[in-house]
Each structure stands twice: as C-alpha cells, then as structure tokens.
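As structure tokens, the structure follows; a few thoughts come after it.
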C-alpha cells in the first residue's frame, strides 16, 4: 500500500506535491511522520496562503452531489415513460389522420401528466434541501497560531482541528492530543458503544476495519466525552465518509415495480393496438373494401383504444399518496416509490437509531443483597419510575437502591441539559436514573479530590470525593465499571443495612450478571468505600439501547401481513438477538449470521440461507450491500431503513431506501427514496398501506377504462366490419371518450385506502397489472355493455331507419352503462354498500356531474343540435337505468362468489392445520 497519494500542480515552474494520507496508513505512522508527510505545523497550523494553495488541488471539504440539471432537462426527462411515448405517437397519428380533437385531448393529457410529475419531484427535492440545511457544519481550527471558528468546508489536509464534547468531527483526523476522548461512531460503523481514542501508532495487523483505528477521528462522528487535537488527513471524497458517498453514487437505483408494470402495460397496449390495425385491415381487404379507407378506420380505432387517461390517473393517484404521506411526516422524493412499498416483502432495518433510540437507558437494578428494581421511561430525561416489589422508590426511601444511584451519579462526567446529553451515553443513562429518583443534585453535593479515568484496558472509573457540607470528614471513593474488575477492589457488601464480608455472594451476583447479560443488557457494577481495595460492593445496573415506541406493534403487523423484517447491526450477537427478540423479530427457529460469515460466502450462497436469517450482526456497509443483492437475487422487493453513513450505499441499492430525518446524515438522506421526518418506524407501515391502496386504485381505474374502451371499440368495430349503420355519431363518441377519461374515471384514483389492505400479502412485482382475474372482469363488463347497447340499438331500429331517437337511446344506454361500471369498479373485492356509496365524495360529484351533463345533451335544445339527440320520456330513462344496472349487479355477484370461495378456502386451511396439530 502506498504511504500517500500525490497530486501535481499543473504549472510549469512551481510544481508542488500535495499529499493525501489514507486513514489506515495514518494510523500506523507516528504523529511526527504524519506531520512531515502532510507538511503540517501541528501547533501553529497552516498559513492562509498555504490553505488557499492546497484548496486549489483538494477542493472544498464537501461532496459533489451531482450537478443540478437545468429545469427544462428535468421536465423533458418526464417524457421517457413508454406510455407517454405511445400517447405522443397516437397524437401524431391523429394529426396525420386529421382527427384534431383526439390530438388536442391526448396532448393535453400528456402535458398534465408530465407537469404533475415534474412539480412533485421538484418540490420533494426542495424539501430535502431545506432538511439538509438545518445543521450548518462548523469547527474550531488552528491557523497562523490562532484558534479560529470556521466552516468545516474550508478545511484542507494539514489543518489542525480542536475537538470538544458535542462536536461533529469535520474531517478525517490523525489525533496527536487526546484527553479522556470517546467518540460515537455509530453513524459510520454501526457500533453503539463510543470508541475510546488514543494517539499512539497502531500495528498494521490490528487496524483492518474502521472501528479498530483508535487514533483516527472520522468525519461525521460525534465527540461524546473529552477533548482532542488532530491533523486533517482526508477531506471531502478523500475521507472514509466520502468513500461511502462514492460507493453510493456508483450504485444504480433499480426501477420501481409500478414503472415495470406500466412499461409492460404500454407494450401490451401497443401490441394490441397494432393487432387491431392488422386484423381490421385484413378483414376489410378480404371483404373487398378500399385498403386506404380501412387503414384510416383501423388507426382511428387503435388510437381510441389507448387509454390516455391512465398516465394522468397514475400520476395524480401517486401525487395524492405522496401528499397524504407528507401529512404523516414522510417526504417521498419520487412519485412511484410510495406504490413500490405496496409490494415490498422484505425490510432490512439498521438497529441503532432506527429500531432503537440510540439513547442508553437503565432498565434494571440489582442490589448486593438481592433486591431487584425495574426502571421505566426511555431516554435522557426525568420521565420514568424506579419500582421495587410494585412500589415506586423515590429519593432515599430505599437505601440499598439509593446508594447505587448515588455512586453512579457522583462517579460520572456526563451532563444532561434540556433532555440533551453532553458526555458518554452510558454515563448519561446513570444521570437519567438519578433524575427519575430526584437524586441528580448529588453530583453537585460532592467535591472531587481525585479521579481515576476510565480506560478500555482497566474497564473501570473511580473518583475520590468529600461532601460539600462535611469537608472535615474522610474522603469517600466511588467506583463503577465491569463487574469482573470492580469486584477485585471490594472486600465487603451491603445486606439489609449491614456490611458483610464478600464470600458466596460474589458467585450469586455473578449468576445475576450472567442472566442480565443474556438479556442483552450492558452491565455496570458499582461500589463505594474509604479506599480502593477496601470498597463495599453495592450492586449492578443493567443498561440497554431501548426499542423505539411503537416499533414492536408495527413489526407485528408487518410480519402478519407477509413482510419479512431483518435487523442489520454492527453490535455483538448477544445484544442484537436480545433487541430482535424484544421486537418479535427473532424466534427459536430464526438464524443469525455475522459479518465474517457473510465474507466467507458469495451472493449465490448467501441467497440460499438469507430467507431464514432474522439478524445480521457485526455488519459493515459492504455486508449490507451483499445482503440486499442476495435478497434481490431471490426476487424480493427490499426496503432498507437507516440513519447513518454506513447505510447510504445500501439505501440506494435497495428498491426503497428509507432514511431518518432527524438523526439521519446528509449522505443517508441523499441516498434514500423516502425520509421519515419524525424518525417513526410506524410510518413505514402507513406507507405500505398507502402503496397497496394506490395500486388497488390504479387497478380499479384500469378495469373501468379498459372495459369501457373495449366495449366502445367492439361496438364501432362490429358496425364497421358488418356494414351496419353506425350506432353512434362522432360527437357522441367524443362525449363518451370524455367520460371514459374524465371525472368519473379520475375519481377512482382517489378512492380512500381500504384499512383491510395492510393484512393482504405483498403483491408479486413480476405480475402484470392485467391479472387473469382482472382480465376476466374486464371482459365480462365489456360483453354486458356491448350486448346491452346492441340490444337497445336493435330494439329501436325495427323500422331499419336510423332516427335521432335511436341514437339517443343507444348513446344514453352506453353512458349509463359507463356510470354503473364505474360504480362497480370502486373495489375489486368489496361490495359498493360495504365500502359506502358516498365514502368517495369526489366520485359522487363526478358521476352526478356526468349524469347532469348527459341530461343536458338530451334535453337542452342547443346541445340537441350539436349531438343530434332528442328528448326521452321518464319511462325510457327508467328502462335504461334498469338495463344498465345489470353490469353492476353481475359484478357484485362475482365479488360475492369470490368472497365466499375465499372464506371456504380459509376454513379448509385452518381445519387442516388444526387436524395436523392434533
């Protein structure tokens, strides 16, 4: 491996080498050698001239998020949809055939579709920009011997940066000063435990992964404790953060299932359209008709058969779904993504910050005399209670518990202000515990005389203190740390107010510790006494990163609906399985796989075992990518949730990337398709429900539009091919076309989401939107409409002379069939009475408006002239209503039969299961 990468100044005379160190190499070298390679002055920093000089070659300390495309290009890109291309071709053919009405209506439809899609994507991008501007990155940097407060984007390799508690690390740093420094690297590595940092060089054999480089502070990570200085070794895309970003940009986002379905439908419609042209031309030629005339008729029919309203309904339905998701605090960046969630059958979720809060919390206390206390409440606040045997403990009411809380509070460097932690998460959990008991003031009651800071080697921390009001008394020593280390300094333990010699109790406590550990708790032992080596063992506290509120319920519902959830984390196997079990993700039959085991397998091997795996632990971004690829290889539609830099590449590779809006990094949000503004995992369940509902609405529209379209096409084709008089004139056909693509059709796209839809299994993305069942329903409706309309035409045409009354009856019959067909198309499974006749107000208004329009066409004299109609009697209208309602009645009967069949199948299935159990 090269020590450094050099870039040349493209100037003839003053060629200078500008070095860039990798974090792995920098961690192996002494600080002095790193400074020499970077040509850096660690104490005084760089001068402004040198900073400008280096920036000319390294660029700004930021990421090149793909250059903004001009708005006109973004608008033009919306025309790439196959259905839009087909409609454009239809418009051109309509112009060539002098059918200007069709050409105008199709062009307007196209413009509406692309404009709605363009505006929605533009608004989502702007929302994302505003979200990413909430926290402007700044840092403290030494330049020309002075400490400056500057923007992180100004940093260059060789700059000296100062870090303190609460700071975000602005670039990759090689540390040369560190005092009790702990950094939370969970956003980068997935590790929930803050990493203790040192300055000594590391052997090459021990720094293979990012988490093991203890002398490097990585860009984007958070200082939890201590202070430090470091020299910048990598900025922007040359940082480890940047490596993830480059991987993310290189990953292509897959097409959504809806896009695939619409592509397939576009191809099918094209195929059928050309088929119609060919068949009609062939039949006409065989009948001896003029070939050019037959071509004109067949092209007109093919253009009429293409449902130009489909892209509008799809776009508007998706846009309304996106707007509903915004109300639920979710930003969807691209329209089709919300529907994609409807066929999502696997969710790969990062644990830290997504399933859990990333806020360590004390949940159990075990005193040295065997008393067990449960602690409620989550996070760094005072909300919660300490309960012993059903009673709430407060203050010094229970001395055994209070002593443990006192030791944890005094032997502590963390501070909680306004529910925000300044310090280590584990120490924050102890302060929050003290707040719940009203004892957090104890931290200020003691004066610290000496301190033994925590280190990863000794695994304990101790302080020597005196009480402010009793400074003449001997010092008291408080200790906390790993049980096996703390117990070495203890000689006694407390039992019911008495101090006893530590004997068999040690083994009992060890067993208790093991039991707590098996539950995935991080265990801390606490002790106090006059001197180290003469301490009294007080007891244990169990700490956990708790699950987010409502996650367990959401997980249960999703699993019941056929969605598999897999937890991916950088934590240990024990902790990962404990959290997964609490959430209902892990059972006795589940498997867990480590990152090392994933490395030993290729994608093909992993794809064979991945369906049975519930937990992936010690996983890196590379492993997450492999997991997602193996799931996609099995044909799964994968959603990936996450909030850290380590999730970004997988978020982009997944079919749906879901980022957390509050805790998520900018890189993570850039990679995601959807952002949960409130970080609420339950919103994913709402999105899946929304996605399934949207797809159902699109199917409802397709059923209505194609059945009406096929009926109209068949009616006109039969009349043309069999030399019958045309039952409808041109203006009447235009009016039917307006209804077919107009308000009644559009209103089907805004049908309220059926609450039962979440219980249905995810649909197979390979299935066409035109399923066998849907095609059957379309054909049945079309046949009823054609037969009914032809019957009315035949009934009125008994004198073999076409009169305005004949066409008016036929025309009105077809329109009424249309309305009843739309009514039955509102749901594919439920009766219109079950979903509610007026539950979709827009549909009611649309149908009412269409009927009023039809009555005006029949009875309003000026329109009678335009449409060549005449007034009908009340009896005529009642006859037509009775006849045309048949399409709705038959559809309702089919639904009833299907529901009955489904109930019988469920009953047989449950009976078989019960029999097998017996």
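Positions of Cβ are set from backbone N, Cα and C atoms, glycine also.
Summarising the annotation, Swiss-Prot assigns topological domain 'Cytoplasmic' to 1-75 (among others) and lists sequence analysis as the type of evidence.
The transmembrane segment annotation in Swiss-Prot covers 76-96 (among others).
The feature transmembrane segment is assigned by Swiss-Prot to 99-119 (among others).
Residues annotated as topological domain 'Cytoplasmic' in Swiss-Prot, with sequence analysis given as evidence: 120-267 (among others).
Among the features that Swiss-Prot reports, transmembrane segment is placed at 268-288 (among others).
The topological domain 'Extracellular' annotation in Swiss-Prot covers 289-302 (among others). Looking only at the topological domain 'Extracellular' (289-302), the predicted model's pLDDT averages out at 60.
Annotation comment: Swiss-Prot describes 303-323 (among others) as transmembrane segment.
For 324-703 (among others), the entry in Swiss-Prot reads topological domain 'Cytoplasmic'.
With a 10 A radius on its CB, residue 350 (active site, 4-aspartylphosphate intermediate) counts 27 other CB atoms from all the protein chains. Positions annotated as active site, 4-aspartylphosphate intermediate by Swiss-Prot: 350.
Its Cβ taken as reference, residue 643 (Mg(2+) binding site) is surrounded by 27 other Cβ atoms within 10 Å in the chains shown. DSSP assigns residue 643 (Mg(2+) binding site) to coil in the three-state reduction, placing it in neither a helix nor a strand. Taken from Swiss-Prot, the feature Mg(2+) binding site covers 643, 647, and the record attributes it to similarity to another entry.
The transmembrane segment annotation in Swiss-Prot covers 704-724 (among others), and the record cites sequence analysis as its basis.
Positions annotated as topological domain 'Extracellular' by Swiss-Prot, on the basis of sequence analysis: 725-732 (among others).
Annotated transmembrane segment per Swiss-Prot: 733-753 (among others), in sequence order.
According to Swiss-Prot, the feature topological domain 'Cytoplasmic' maps to 754-773 (among others), an assignment based on sequence analysis.
Nonlocal intrachain contacts for the transmembrane segment (774-794), taken as residues 6+ away from its ends with a CB within less than 8 angstroms of a stretch CB, comprise 699, 702-703, 706-708, 710-711, 714-715, 718, 727, 806, 809-810, 813-814, 817-818, 821, 824, 828, 880, 883-884, 886-887, 890-891, 894. Positions annotated as transmembrane segment by Swiss-Prot, on the basis of sequence analysis: 774-794 (among others).
According to Swiss-Prot, the feature topological domain 'Extracellular' maps to 795-842 (among others), an assignment based on sequence analysis.
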Secondary structure tally of the topological domain 'Extracellular' (795-842) (DSSP, helix then strand then coil):
29 helix, 0 strand, 19 coil
Would you mind reading off the Cα separation of residue 643 (Mg(2+) binding site) from residue 350 (active site, 4-aspartylphosphate intermediate), to the nearest angstrom?
8
C-alpha spacing of residue 350 (active site, 4-aspartylphosphate intermediate) relative to residue 647 (Mg(2+) binding site), in angstrom:
8
Including all protein chains shown, what's the count of other C-beta atoms within 10 A of the C-beta of residue 647 (Mg(2+) binding site)?
36
